[in-house]
Amino acid sequence: MAAGMVATMVLLTCLAAGGLVVGAEEDGGGGGLGRLGSPDYGDALAKAILFFEGQRSGRLPANQRATWRGDSALTDGREENVNLTGGYYDAGDNVKFGYPMAFTVTLLGWSAVEYGAAVAAAGELGNLRAAIRWGADFLLRAHASPTTLYTQVGDGNADHQCWERPEDMDTPRTLYKITADSPGSEAAAEASAALAAAYVALKDDGDTAFSSRLLAASRSLFDFANNYRGSFQSSCPFYCSYSGFQDELLWASAWLFKATRDAKYLDFLTNNQGSSNPVNEFSWDNKYAGAQMLAAQEYLGGRTQLARYKDNLDSFVCALMPNSGNVQIRTTPGGLLFTRDSVNLQYTTTATLVLSIYSKVLKSSGSRGVRCSAATFSPNQISSFATSQVDYILGKNPLGMSYMVGFSTKFPRRIHHRGSSIPSIKVLSRKVTCKEGFSSWLPTSDPNPNIHVGAIVGGPDGNDQFSDNRGDSSHSEPATYINAAFVGACAAAMGQKQVVKLEEPADNLESMVSTY
């Protein structure tokens, strides 16, 4: 290869550490491309965390920064004499779905556990911990007895027929739950994983009583999921599981072993690894890749009985890395991992988080990398590819579009989000009715009056095209689990100093260099 081409490749793949940290601003100011064309990761991280304050349900605290929001859903749970206030609205509607909410908390906890130092350096660890606790508090309340977990608050069908602010909503706050007689092992195990991850992330926060509650509830939920096995598919109206519950049981046991070092959870992982399978996505439904990542971390730490998980995780990497010879998930012409058209960035951000963590673990263990059929990828190459996904989301793409609201100057202005698209209750104090929202606020081409800073939308299509259309929920709607995975991925990019070694296979390097 010519020396000039090598130098160009080094320049393109060396990412800046993020520059000055810029605090998240409510109006979306600041941010953009810094030196060498790298995004300001510190600003993006701050805004990704701020997003969760705009998704809060319940009575808002005095230090609420998304000031366009107000209190909402203050009587949730009353019909069954249980307090189910708080938690997060999952996306652009006003329903609280416990299953993806728990996954959101798990991902936020994982981000804090793996990248707490980088988040702290950005001045955002307190805000991240607050986001974790807001969701974990709800999950604790939802676990009303050893064999009860409330999994949804609100009637999804009725809610989706209205377009109104959460502060105004008058649709039924119907309660859904799993019990010993109507189990949902996926939901119970995911809640267990969430509380275990929250415990690991928050145990040094000074509130020992709260930490003890997290761990006790996590253990209880795992027992509920494991002892009363049944699929959530038969007891859910929305966010039903299609991958079964074995992945969540592995995921929860891996988190509980990380949290407690209790041998019974390691034994569960060891004895059930036959149910671990190679996958090409990581999502609110399919947790295999996450469980494999946690177990592979233990394998590389000396627990060689967990070898199958490491092998499966290597297959996951090979399914994603361009030119691996085993690619299952294609990249768009602009370089974005593209799993499916609807809400694709949820899969991109979760995959990027796993790739980022795995590259770090491989490097710390002294591993040379992952061998695929056509190439071997070093930890640096894996992390470079992961960073390219973060950069794409933040604007290094064919459209020059940041898919994070409020980051840089070109970002989605008409996101599919009820609260963002109707003037704040603090500005328009009268009630906006269900039908008025549909006729007056959903169809307008005007930008949303409330900039939902940090919200990451579903993203572009397979040809890198994006229509900023409020009615297009598949591409314009944000979701908590998109942002939750991005927090860790962005922190990884921020703390990383890329050094491309010239002895690495040139064709592998070229496949990961973005020209945008």
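Cβ from N, Cα, C; glycine included.
The signal peptide annotation in Swiss-Prot covers 1-23, and the record cites sequence analysis as its basis. Summarising the annotation, Swiss-Prot assigns N-linked glycosylation site to N83. Swiss-Prot lists D93 with the feature active site, nucleophile. Under the heading active site, Swiss-Prot lists H416, D468, E477.
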### Message
Could you check which of the active-site residues D93, H416, D468, E477 is the closest Cα neighbour of N83 (N-linked glycosylation site)?
### Response
D93
### Query
Which number gives the other C-beta atoms within 10 angstroms of the C-beta of the residue listed as 'N-linked glycosylation site', all protein chains shown included?
14
### Query
If you skip the near sequence neighbours and keep only those at least six away, which residues in the chain come within under 8 angstroms of E477 (active site), Cβ to Cβ?
A91, G92, V343, I415, H416, H417, V457, G458
### Query
Does the residue listed as 'active site, nucleophile' have same-chain partners at least 6 apart in sequence with Cβ under 8 Å from its own Cβ, and which are they?
G156, D159, H160, R418
#### Entry: Neighbourhood of D468 (active site) by C-beta distance under 8 A, where only residues 6 or more apart in the same chain count
P412, R413, R414, S476
### Summary
Three-class DSSP assignment, D93 (active site, nucleophile), comes back as coil
